[in-house]
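These come from TrEMBL:
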type	residues	note
BINDING	Gly11, Ser12, Gly13, Lys14, Thr15, Ser16, Arg118	ATP binding site
BINDING	Thr15	Mg(2+) binding site
BINDING	Asp33, Arg57, Gly80, Arg137	substrate binding site
Amino acid sequence: MNHIILIGFMGSGKTSVGKQLAKVMQLPFVDMDELIVQKSGMEITEIFERYGESHFRELETECLKELSKDRERKVLSVGGGLPVQSRNQPYLENMGTVILLEASVQTLLRRLKYDSSRPMLKGGDLQQKIETLQEQRKAEYEKVSDVRVVTDDKGFSQIVDEIRKIVECVKN
Ligand code: S3P
């Protein structure tokens, strides 16, 4: 399949970049977290609070499996924890080009400072949480991605342009 799949840490810009990229490439855009919210009728924070992280991870995998059957080309953005689960990796690899959006801890900190929608970052020192989680996830992100795009100091349009060119190259 030839979907364009955006992965990366929370705050790396997957949703914003994905929306713009889809527009430019005239493809449908699907944000996996949004799909989970629609299907479950609950916000992500509520799913975590009521049923815990492992239940959320099950929902993610279910959603991914379902999407993996959809053959219409799309731009997909998936939650920051999805690529880390080994059971999800074969799906991502078969679904298309996986683009890793990278951002430094300082950039992520700036983007996530006032955010309260991410249960994985709740409580404690934000910088330390980002550093620890990013360190734990880095190798899996790199393993599953075909291309890495550094997003620090770049506007969304520039990132979108970069990805569009990469995807064209992969296709040709
Ligand atoms: C998570 C990232 C979130 C969302 C959930 C868990 C994670 O998505 O799936 O809060 O474990 O990194 P974004 O990466 O879109 O913020």
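The chain as shown is numbered from 1 upward.
Cβ coordinates are placed from backbone N, Cα and C, and glycine is handled just like the others.
Since this is a predicted model, take the numbers as computed values, not measurements.
Structural mapping of features recorded in TrEMBL.
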| residue | record | contacts (Cβ under 8 Å, 6+ apart) |
| --- | --- | --- |
| Gly11 | ATP binding site | Ala103, Thr107, Leu108, Arg111, Leu112, Asp115 |
| Ser12 | ATP binding site | Gly80, Leu101, Glu102, Ala103, Leu108, Thr151 |
| Gly13 | ATP binding site | Leu101, Ala103, Arg111, Thr151, Phe156, Ile159 |
| Lys14 | ATP binding site | Leu6, Ile7, Gly8, Asp31, Ser77, Val78, Gly80, Leu101 |
| Thr15 | ATP binding site | Asp31, Asp33, Ser77 |
| Ser16 | ATP binding site | Phe156 |
| Arg57 | substrate binding site | Gly81, Gln85 |
| Arg118 | ATP binding site | Met10, Ile44, Leu112 |
| Arg137 | substrate binding site | Phe9, Gly80, Gly81, Pro83, Val84 |
Annotated ATP contacts Gly11, Ser12, Gly13, Lys14, Thr15, Ser16, Arg118, maximal Cα-Cα distance (Å, integer): 16
Other same-chain residues whose Cβ falls within 8 Å of the Cβ centroid of Gly11, Ser12, Gly13, Lys14, Thr15, Ser16, Arg118, the recorded ATP site, in sequence order: Gly8, Phe9, Met10, Val17, Ser77, Leu101, Arg111
Where the C-beta lies under 6 angstroms from ligand 1, the matching binding-site residues among Gly11, Asp33, Arg137: Asp33
Collapsed DSSP category at Arg57 (substrate binding site): helix
Whole-number Å value of the largest CA-CA distance among Asp33, Arg57, Gly80, Arg137, listed as substrate-binding: 18
Around the Cβ of Gly80 (substrate binding site), the count of other Cβ atoms that are within 10 Å: 21
